[in-house]
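For reference, the structure is listed below as structure tokens.
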Amino acid sequence: MGIKSYQNPAELLVKEYLLADSFIPYTSIICGICACKMVYDLTQLFSSVYFKSYPSLPKIQRTEWSNRSISTFHAMFITAISLYFVFWSNLYSDNQYAGMVTFRSSALSTFSLGASVGYFLADLGMIIWFYPSLGGMEYVLHHLLSLAAVAYSMLTGEGQLYTFMVLISETTTPGINLRWYLDTVGMKRSKAYLVNGVVIFVAWFVARVLLFMYLFYHIYLHYDQVKQMHSYGLLLIFVVPSVLSVMNLFWFGKIIRGLRKTLAKRQ
């Protein structure tokens with residue numbers, strides 16, 4: 001009886017407040033930030049026990065080690081959710097739902113974007129706090145653009161399909177982080193480092209070059225719906241993917257040059 005007396009008010013709190021449509025954006029942001037903190041702490045605990053080289057690393061490298069685990073966790077989460085909504089869910093299908101695709105959303109899609117906003121806030125805070133050790137101005141710009149686009153889409157429900165398309169590009173993050181981990185522990189000349197470099201090249205080309213072409217093509221096909229969005233949302237739809245595309249091509253060039261150097265050294 002005592003347990004039930006606490007259980008019913010708790011269930012009411014969750015259903016009526018924490019998961020109510022009007023509270024989902026704020027609940028999800030808090031969950032995202034808390035998840036980042038949890039992953040950060042667990043990484044420190046796990047790494048100090050299972051990786052012999054971790055305790056001997058400089059303090060800033062241990063911080064970056066744990067920070068990269070956060071971005072890896074977020075990347076796996078948001079990539080899976082984004083792939084589901086873009087390619088498998090009926091939410092944004094042209095044949096399944098009435099109404100314009102640019103204004104469709106659900107509780108799950110909004111919560112997922114909110115969790116991603118929580119991650120970008122936490123990661124941006126760390127980048128600024130330890131600047132420039134965890135990333136230069138290009139990372140600050142990337143996170144600010146991502147925050148603006150994802151937060152707007154989460155709060156208004158506009159353009160969520162295109163937001164998820166862009167977020168699929170996070171699929172390259174685990175490979176980039178693994179490259180850093182291998183380099184940090186002295187495995188830069190290992191076969192794993194080379195294979196990971198090839199995987200990064202392929203993943204980057206698919207998720208950050210080809211997929212962005214598909215995004216702009218989809219916008220072209222649905223421009224009659226896209227132009228119905230509010231002016232700020234319309235601006236984000238065109239500006240954010242365009243800027244990110246330029247940054248992706250710039251980084252892709254660096255990836256190609258790096259892969260060439262690695263292959264040349266092994267011949």
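First residue shown is number 1, and so on along the chain.
Cβ coordinates come from backbone N, Cα and C, glycine included.
A TrEMBL annotation is a machine prediction, not a hand-curated record.
These features come from TrEMBL:
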type	residues	note
DOMAIN	60-264	domain 'TLC'
TRANSMEM	72-91	transmembrane segment
TRANSMEM	111-132	transmembrane segment
TRANSMEM	139-155	transmembrane segment
TRANSMEM	161-182	transmembrane segment
TRANSMEM	194-220	transmembrane segment
TRANSMEM	232-252	transmembrane segment
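With a cut-off of 8 Å on Cβ pairs spaced 6 or more residues apart, the transmembrane segment (232-252) and the transmembrane segment (161-182) reach 3 or more such pairs and are scored as touching. Over the domain 'TLC' (60-264) the predicted model carries a mean pLDDT of 94.
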